[in-house]
Amino acid sequence: MHGRDSSSGAFEEPRMVVRKFLARPQLEGVGAVVRRSIGRFELRYFDPFLVLDEFSVTAPAGFPDHPHRGFETVTYMLQGAVTHEDFEGHKGTIGPGDLQWMTAGRGILHSEMPAAQGTQKGLQLWINLSSKQKMIEPRYQEISSKDIAEATEDGIKVRVIAGEALGTKSPVYTRTPTMYLDFTLKPGAHLRQPIPMSWNAFVYVLEGEGVFGSSKSSPVTAHNLLLLGSGDGLEAWNKSSKLLRFILVGGQPLGEPLVQFGPFVMNTQEEIDQTIDDFENFTNGFEKARHWRSEAAIGLDL
Ligand code: FJE
Ligand code: FE
């Protein structure tokens with residue numbers, strides 16, 4: 001076969017695993033536990049990805065009122081539910097399998113708190129925005145589990161959060177071009193998934209054990225992040241007797257300077273200074289932060 005046909009899973013140069021990180025639990029927010037892979041000290045930034053957290057939160061722990069500017073947060077629920085409310089009055093609850101793709105742009109102040117008994121689990125990915133898009137109007141894309149595109153083929157199930165797989169496309173609009181695929185492979189299944197050549201891409205294992213890159217490599221278990229090297233696709237195998245579940249995420253690198261101060265991500269120190277000024281003085285997108293507190297924070301008397 002000649003040329004490239006991304007819809008049929010054809011590619012020429014499989015990507016190998018170049019680095020592996022085990023994400024261990026740490027405390028974030030108020031009493032919440034996250035397994036942070038991207039965004040920790042040894043892996044500050046994997047352009048365009050700033051943070052990948054596998055979070056676990058049980059009331060009264062959570063992520064009360066905090067701001068964001070200059071990037072997007074993508075929250076994908078695995079178990080339980082999280083209620084979010086922001087300073088514009090946007091409020092909602094996302095449950096198992098639901099997705100919230102939030103473009104913070106010039107500024108969001110919000111809370112993200114448990115909405116059910118027991119432990120709420122999910123993934124939160126922070127995707128950087130280009131310098132031209134950092135100050136755009138905030139926007140949400142929310143997709144409930146039943147509306148997330150799914151495809152099944154030869155022992156492989158994919159939920160297409162962003163991008164395309166097995167001929168199925170996600171309706172999510174990505175400002176920084178991104179693919180985000182949730183794969184479940186039955187025992188014996190073999191996946192071949194195209195990835196654009198120039199993109200950075202990683203795998204994060206959620207459940208079971210998988211063989212990635214080369215069929216001879218050792219199996220990788222849950223909570224491991226795998227950075228993929230150059231190439232135009234991923235090969236993965238489930239050689240175990242249990243289900244294998246992992247996400248495959250890829251994005252077009254921005255190649256821009258990065259200055260981060262917590263939840264503010266800009267290109268220069270000047271822009272960060274301006275952002276702190278805007279947040280303290282309720283300007284340039286933070287106007288509504290002046291008189292706002294979340295109902296969650298009021299209820300907890302924070
Ligand atoms: C944040 C610390 C934080 N990972 N996963 C500092 F914890 C957060 C934050 C989150 C977060 C929220 C959810 Cl729902 C899931 C998360 C970090 O809110 F924004 C800063 N700045
Ligand atoms: Fe947040």
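Every residue gets a Cβ built from N, Cα and C, even glycine.
Per TrEMBL, the feature domain 'Pirin N-terminal' maps to 34-127.
What TrEMBL records for HIS66, HIS68, HIS110, GLU112 is Fe cation binding site. HIS68 (Fe cation binding site) carries a strand DSSP state (E or B).
The domain 'Pirin C-terminal' (180-284) scores a mean pLDDT of 98 in the predicted structure. Under the heading domain 'Pirin C-terminal', TrEMBL lists 180-284.
Cβ proximity to the Fe cation site centre (mean Cβ of HIS66, HIS68, HIS110, GLU112, cutoff 8 Å) flags the following additional same-chain residues: PHE63, ASP65, PRO67, THR73, HIS84, ASP86, ILE108, LEU109, SER111, PRO263. All protein chains considered, the CB of GLU112 (Fe cation binding site) has 29 other CB atoms within 10 Å.
With a cut-off of 6 Å between Cβ and the nearest atom of ligand 1, the binding-site residues HIS66, HIS110, GLU112 reduce to HIS66, GLU112. When the binding-site residues HIS66, HIS68, HIS110 are compared by the number of other CB atoms within 10 angstroms of each CB, HIS66 has the fewest.
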